[in-house]
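Here the structure comes first, spelled out in structure tokens, and everything after it is commentary.
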Amino acid sequence: MQSFRKIWNKPRPDDWMPLARFYYADSALNDIASELDSFDGRRDPDRCNALVTRLRVAQDRVLHIITEMLIHLYPREQDRACRDFRVKFPDEILHDTLPGQLWFGAECLSAGSNIIDHETESDLIRPLAKDVTKQLDFLRDLLKNQSLRDPSAYNPVIKENLLKFDKLFAEFEYQYVSAMVPVKSVKEHDSQLDVAVLFSEVLSLALVKDLITQDLIDYCDPSVMIAIPRLGIVWGLLVYSNGALNVDVPAENLSEMFRPFYSLLVKIRNLLRILTPTELTKLETVLCKGESAVPEDTSSTLTMSDFRTNATDEEKAKNNQRVWMCDMPSDSTSSLDSSVQDSSSETTSLASSALASPHSGSEENVSQIENEEGDDEAIGTNSNSSNEVTESPETIEEPDNVDMEESSESEVDTHIDETRNESDDEITDDVQASDVLQVETKKCKSSRLLEQKKFDKSVKTIIPMQTDPRSQIDPKNLRSRFRSSEDLVHRLFVCIAGVADQLQTNYSSEIRKVLKLILQPSEIIPVYEVVNAQVANSQTEGEETGVEAQETLPLPAFMGVRWVPDEDCEQCTACSMPFNFVRRRHHCRNCGRIFCHKCSCNTISIPEHGYDRKVRVCNLCYVHRLNSFGCNEPMSQVNENGATVPSVTEQQSAQTASASS
């Protein structure tokens, strides 16, 4: 009986209904599976790999058609299985071939295979995989039998099994993907949404301040993608301080993207608070432009290039470097020394790589930004214990040490001369910097410790024991660390741009997802509100409530064109040649009218009507669809009564012809 149905009731290959397309997709899948089982894959691995690829493509096509049936039968998302968990998945997981990969994985797990390096997870989800494959095989048999009976109807058994399979497949998708890749937790997802809200507010504020134009957003200019994270750091620390960049809370409460830069963000926030409105505007401008136009004065700064090229001014530069380092706190000096020697520290690696700037003195920029609060942190540390200064061996005043340090000046000069005379290919910049800075640090430490011992005694009576050092920052003291206003703006630009660039590099998928949320928002479906809180009575009034109006909105679906019945047309619509045994009727898939073979010999794909592959269309529709400067509507359509109604283009042409006559 099944064979006779296949012969007489087999759907047409060009039928756009989902059940008809499922029949041919399922038949192709069975053919590939039979061919794959008919030979030994170890003898011909290339052919086996090619067949496996074709099998996964065929499985993916079958699942897409089943999904289309579910959408057609249950248009509302709440009637189908919930898949909101997909927002926790990485972007590289969500693609069109995911259903086919899940089916293939379920087949492998059902056969006894394990996920590589995930044997425990494989044993846990194996029963669910068997249920999915069993339900899918049963559903395929039901759909294939129904496609041979009536491709346009769905009985209650099919509807029930479609929903059952949808729920099983959604549950298997979550467990399988969770076993394969790390999935975000609820807290991490909420933190990512907070960052999206911050960037959205930043984009709106940037439009108000004319830092970003609407044209740049419409054209998706790369400068917008670069400027939004940079401005987000500035305004997230100043304007929206209680949002995603609230550094007053522990680092664990921040987003995963900003957590590695917690200490650096605190220091950037403190520097941003001492900026004047003019300086803040200048900083925002240079962050949007992508480059700092602030000239840097290096007359009092010793850089690495001075050791290599400035032989005549070596002594002067060396003395300036000593004076500058003696003025710095001991914590800052030690941190600067360790930042040159040990590049594995978090903020130092950021300074040496992402915060690198073509401007001279960039090494000093990062070191001073990293240690801008050296005095305050040292104060807070020393105030926690009254005996710390006296007990520490480094803080004991030793005149012999001072004399010894003073007597070593000649050794320092000799060491610098030897370092300068060595070739660049034998001694690197890092070695030169570490040698010089170690000696200079020893010379300045004794004088610094003498001042610190006297200063700690007075600080203990001013700052309480449990006071946070960050709350005692003096704006004047911070500003005095920089040579000028331009120097402060430039150093902030280097650090903020470096953090933003690190976000773009290390968290590219998260940044891309956040930018997609704010630059390509989801379409908002309008909901009609009830006026004056009056609920309509469906029996007496024709007015609908807001929920009813929302449910009756038109839903996107593939709708076919109504065809002209064969008995209503005895001749070709284009050439008016009568149909006979030789000249057969052909329907145009675009307009639904009947033509002969000569007038409908063209084929083209019509995705909006459900035809993904090429189908037959008449010559007129073919020309109109290929003409990019013309309209794509059919020349005429068929109304509900079966009568041919001319299109707008034909009506305008007829009116023009009648007016000219």
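Including glycine, each Cβ sits where the backbone N, Cα and C put it.
Swiss-Prot tags one of the stretches 452-472, 536-556, 641-661 as region 'Disordered', and that stretch is 641-661. Here C588 (Zn(2+) 2 binding site) is positioned 11 angstrom away from C572 (Zn(2+) 1 binding site), judged by their C-alpha atoms. Neighbour counts were taken as the number of other C-beta atoms within 10 angstroms of each residue's C-beta; across the binding-site residues C596, C621, the minimum falls on C596.
Mapped onto DSSP classes, the zinc finger (566-626) shows 17 helix, 18 strand, 26 coil. Relative to C618 (Zn(2+) 2 binding site), the binding-site residues with Cα atoms inside 10 Å are C596, C599, the candidates having been C575, C596, C599.
Residues Q571, T573, A574, S576, M577, R583, F595, H597, K598, S600 surround the recorded Zn(2+) 1 site, their Cβ atoms falling within 8 Å of the Cβ centroid of C572, C575, C596, C599, which are themselves excluded. Across the structure, C588 (Zn(2+) 2 binding site) and C596 (Zn(2+) 1 binding site) place their CA atoms 10 angstrom apart.
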